[in-house]
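Listed features, source Swiss-Prot:
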- C15, C19, C31, C34: Zn(2+) 1 binding site (BINDING)
- C94, C97, C115, H118: Zn(2+) 2 binding site (BINDING)
- C108, C110, H124, C126: Zn(2+) 3 binding site (BINDING)
- 9-43: zinc finger (ZN_FING)
- 88-134: zinc finger (ZN_FING)
Amino acid sequence: MAEEQRWQEGCHRLCANNCGFFGSPATLDLCSKCYRDRQGRESTAPVVVAAAASACPATHPSSPSSSSCPAFLPSSTAAEAGVVVAAVAKASRCASCRKRVGLTGFACRCGGTFCGAHRYPERHACGFDFKAAGRDAIARANPLIKGDKLKDKI
């Protein structure tokens, strides 16, 4: 009975986006998913605005009405981001034999996705230099220590 009264008091509200889940006042009456989506949009918006500002040089700072920058620049950068997402989703085939790999694809350090038969570097003519990468990793992990040039330091 007390639980029904708490329900009717209005502490539980449906999400403001009408997705069917409950929102809370701490998340602006949004459910957790809608709130995360909104936070993601707000965090990427300054990046797009900054990219638009850097892409449009200010030729005449005294006359802001004669801007040569297109107003649709943020949508074009969003379209470029869509191209990147499409390229990532396109890697569902083996780079050597074009066989569908689905979820079992093996990503190589050369950047390709391969099936079980071509997953090893020797099998798909990998262009990645594993020896140089290993040398660089060892050089970063173990910096060269040089001794003092003056032997009789006071």
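Each residue, glycine too, has its Cβ placed from N, Cα and C.
Since this is a predicted model, take the numbers as computed values, not measurements.
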Out of C19, C31, C108, H124, point to the one nearest C97 (Zn(2+) 2 binding site) in space (Cα versus Cα); all of them are binding-site residues in the record.
H124
Between C15, C110, C115, which of the binding-site residues has the fewest other CB atoms within 10 angstroms in the structure shown?
C110
Nearest-integer angstrom distance between the alpha carbons (Cα) of C19 (Zn(2+) 1 binding site) and C94 (Zn(2+) 2 binding site):
39
Lowest local Cβ density among C31, C34, C94, C97, which the record lists as binding-site residues, within 10 Å:
C97
Identify, in sequence order, the residues in the chain of H118 (Zn(2+) 2 binding site) that are 6 or more apart from it along the sequence and have a CB within less than 8 Å of its CB; answer 'none' if there are none.
C94, A95, S96, C97, H124
What three-state secondary structure does DSSP assign to C97 (Zn(2+) 2 binding site)?
coil
Cβ atoms near H124 (Zn(2+) 3 binding site) (within 10 Å, other residues, all chains):
20
How many Å separate the Cα atoms of C126 (Zn(2+) 3 binding site) and C34 (Zn(2+) 1 binding site)?
43
Looking at the binding-site residues C15, C31, C34, whose Cα is closest in space to that of C110 (Zn(2+) 3 binding site)?
C34
Just the number: how many Å between the Cα atoms of C115 (Zn(2+) 2 binding site) and C108 (Zn(2+) 3 binding site)?
11
Can you list, in sequence order, the residues of the same chain other than C15, C19, C31, C34 whose CB lies within 8 Å of the CB centroid of the Zn(2+) 1 site?
L14, A16, N17, N18, G20, F21, G23, L30, S32, K33, Y35
